[in-house]
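According to TrEMBL, the protein carries these features:
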DOMAIN    24-74  domain 'Phorbol-ester/DAG-type'
DOMAIN    97-148  domain 'Phorbol-ester/DAG-type'
Amino acid sequence: MEEWLAALSAVSQRQDQPDLLSGRHHWYATSHARPTYCNVCREALGGVTSHGLSCELCKCKVHKKCASKALNNCKWTTLASVGKDIIEDIDGNITMPHQWMEGNLPVSAKCLVCDKTCGSVLRLQDWRCLWCRTTVHTQCRPTLPPACPLGPARVSVVPPTALHSIQDESWEAVRPQASSPLLVFVNSKSGMKHIYIIFTFTFIHYMNCVLQTVHRLHI
Ligand SMILES: [Zn+2]
Ligand SMILES: [Zn+2]
Ligand SMILES: [Zn+2]
Ligand SMILES: [Zn+2]
């Protein structure tokens, strides 16, 4: 426990702490060994010698010159960040929808609907969900149920639909059904800007990214 608290304290004191609630991407410069396309202008990123930018959370790809035009649509963190895409039934129960990123699909990705190969090395084409990793053709997507099953890590993931902002700087977490995430809440009246939630989970890319920075500092 003391280790966790020390990690939290370190996060809170970092001046470069990214604003994880803004939806902004977290870019790093990288080259791409296979054809990759910019999610802003849709043109090729230019091969291994030309460095593009990749978001470490959602793998959005852009040219350096296009980064300022990218939408703030990074991987969702809280219920509010899901916005109008949220699925709400007549009883007011909410369900997490898929969060789609266009193009740059893994090699030999298959469409969940028609089971045929999807994605392309020739253009930005077809979609993958940032949470469950489902890949789907543009034309097949309307027939896919909108609810996201959260993929193989679902028992440990805290979906953004379970993180409600109840005041400016505090959140309430609702335990998703049939899941068992390990959470530690730290309320910070001592200089921290947000309540951070520590979440121990091995497959870091499946996690809710609010939780990711703390985890990374810890390991
Ligand atoms: Zn571009
Ligand atoms: Zn991103
Ligand atoms: Zn999904
Ligand atoms: Zn298909």
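Even glycines carry a Cβ here, placed using N, Cα and C.
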When pLDDT is averaged across the domain 'Phorbol-ester/DAG-type' (97-148), the result is 96
Take the domain 'Phorbol-ester/DAG-type' (97-148) and count its residues per DSSP category (helix H/G/I, strand E/B, coil), listing them in that order.
-> 3 helix, 12 strand, 37 coil
What counts of helix, strand and coil residues does DSSP assign across the domain 'Phorbol-ester/DAG-type' (24-74)?
-> 6 helix, 12 strand, 33 coil
